[in-house]
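What follows is a short report on a single structure.
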Amino acid sequence: MQAEELRRTIARIPPVTRFFTICSVLVCGLVGLNMLEPSLIMCSMYHFELPFQHIISAWKYGKSWTAVGYAVVKFLLQGYRCFTAFMLPAGVINQSAVSTVSDLYFFYNFATHVESAQGKFKGNFPDCLWFTLLSGTIIVLTSFSLETMYTFLPMHHVMMFSCITYIWSRWAKNSTVNFFGLVPIKAYYMPWFEVFFRMLGGKSAVLNSLIGIFGGYIYLCIQSQTMPLYNLLPSSYGQRSQAAAQRVGSTSGELFPTISDSIYDKGYLKAPRFLYKWLNYPMGGSVRRTAFYQPPATRRGYEPAKPRTESYTSYSSGFQGKGHRLGGD
């Protein structure tokens with residue numbers, strides 16, 4: 001009976017979140033049992049650098065095509081790291097059980113919020129998977145680029161968590177988050193609170209978080225079809241209404257003033273048709289929108305999350321109810 005209940009509970013987790021969660025738990029278990037070496041699944045530019053040098057050497061010094069082909073295969077076989085690195089929580093490397101559980105829990109928490117029927121992707125599997133693939137690619141490429149300039153330990157699980165947190169904070173920006181159950185803050189500021197606390201872990205931890213936030217930001221630029229930094233131009237917002245001008249910095253009885261959407265918050269990025277066909281998923285669940293184009297049937301456009309009060313430390317029903325701490329009775 002308990003096994004059946006566990007199966008139903010797992011089945012209720014959105015598919016992308018479920019995949020990440022199960023794989024991460026398995027990786028933690030295998031590493032904890034000394035059945036898997038973390039270095040075998042981590043991803044760094046240096047894992048590709050030596051095989052690439054072998055390709056150049058084989059080509060430059062006129063070795064046989066067999067030698068060149070062998071070097072190319074060795075290079076390509078390292079590609080699995082670009083996927084497995086996202087399954088390795090930072091707590092495993094630090095050998096901290098508390099940190100590992102915290103990493104797994106918070107990743108599951110925010111990923112569920114983003115993917116669920118009440119979240120940004122409204123339970124749409126292909127669209128959320130496409131977001132994961134795009135942002136993951138941006139994260140890996142950015143990480144490789146920064147490794148040429150800085151010395152740090154790339155932790156892609158942390159990067160993806162920061163990316164998801166950033167996407168959630170942009171969608172639910174006016175929700176109130178009880179940070180560790182104590183400090184009420186706007187969800188809008190959640191990624192920067194995370195960066196602040198990552199500072200306790202040193203430069204590598206901060207860089208990992210910033211890379212993830214950058215990945216989320218570029219995804220939103222692609223979603224809205226705007227160039228990076230375009231949102232900083234005053235002309236990008238058009239003419240502001242008097243009501244909006246009065247609302248900003250309001251000193252009324254509200255705990256926080258309402259934060260309006262930025263230009264790159266608008267729109268929705270639908271997955272390509274081939275991904276829908278491959279997953280055998282119906283195409284009609286979502287509509288492609290940008291900051292400048294709204295299909296006639298969806299003129300109301302982007303609908304951000306309604307302001308709610310959430311807790312950063314626990315999770316129970318995912319954006320349901322009003323004013324209840326997640327995990328409460």
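Including glycine, each Cβ sits where the backbone N, Cα and C put it.
TrEMBL lists 16-36 (among others) with the feature transmembrane segment.
What TrEMBL lists as transmembrane segment is 128-146 (among others).
Feature annotation from TrEMBL assigns transmembrane segment to 205-222 (among others). Outside the transmembrane segment (205-222), and at least 6 residues removed from its termini, the chain residues within Cβ reach (under 8 Å) are 90, 131, 134-136, 138-139, 142-143, 146, 150, 152, 154-156, 158-167, 170, 191, 194-195, 198-199, 228, 230, 264-265, 269.
The annotation region 'Disordered' is assigned in TrEMBL to 298-329.
The compositional bias 'Basic and acidic residues' annotation in TrEMBL covers 300-309.
Positions annotated as compositional bias 'Polar residues' by TrEMBL: 310-319.
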Distant-in-sequence neighbours of the transmembrane segment (16-36), which means Cβ under 8 A and at least six residues beyond its ends: 10, 84, 86-89, 92, 100, 104, 107-108, 111-112, 115, 125, 128-129, 132, 157, 160
Close approaches to the transmembrane segment (128-146) from elsewhere in its chain (Cβ under 8 angstroms; 6 or more beyond its ends): 14-16, 43-45, 48, 82, 86, 114-115, 121, 152, 154, 156, 159-160, 163, 167, 207, 211-212, 214-216, 218-219, 222, 269-272, 275, 279
